[in-house]
Amino acid sequence: MPKHLEVYKCTHCGNIVEVLHGGGAELVCCGEPMKHMVEGSTDGAMEKHVPVIEKVDGGYLIKVGSVPHPMEEKHWIEWIELLADGRSYTKFLKPGDAPEAFFAIDASKVTAREYCNLHGHWKAEN
């Protein structure tokens, strides 16, 4: 059963969904169950995928990887998400953008998640 804020991907068409309200049935796309994208469960290099959380004046700066992640046409970060105080904040990226996002929020505990088009879903907590 899908749970709140889990991310799922269709292995056929590539549709990706984030669960806003978990119901009682599995998610299906193209006639088959969608794959749950578990954070950090692929073979991507950790130093290029695990979000780095930095508390800065006015909010949080999230950088993807301790070594900057490529942002090329065939390999890029699709989005960066910050979870804090029961809220979700998302910045969508495209090839050529910097693999980082600033979120102007005041929270003491946050979780940062990102999605790489080749290596899936990754997260870090402060």
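Note: Cβ is positioned from N, Cα and C throughout, glycine not excepted.
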Suppose a student reads Swiss-Prot and sees H69, H75, C116, H119 listed for Fe cation 2. Which of H36, H49 should they find annotated at that same site?
H49
Could you state the CA-to-CA distance between C29 (Fe cation 1 binding site) and H49 (Fe cation 2 binding site) to the nearest Å?
27
Among the binding-site residues listed here (H49, H75, C116), which has the Cα closest to the Cα of C30 (Fe cation 1 binding site)?
C116
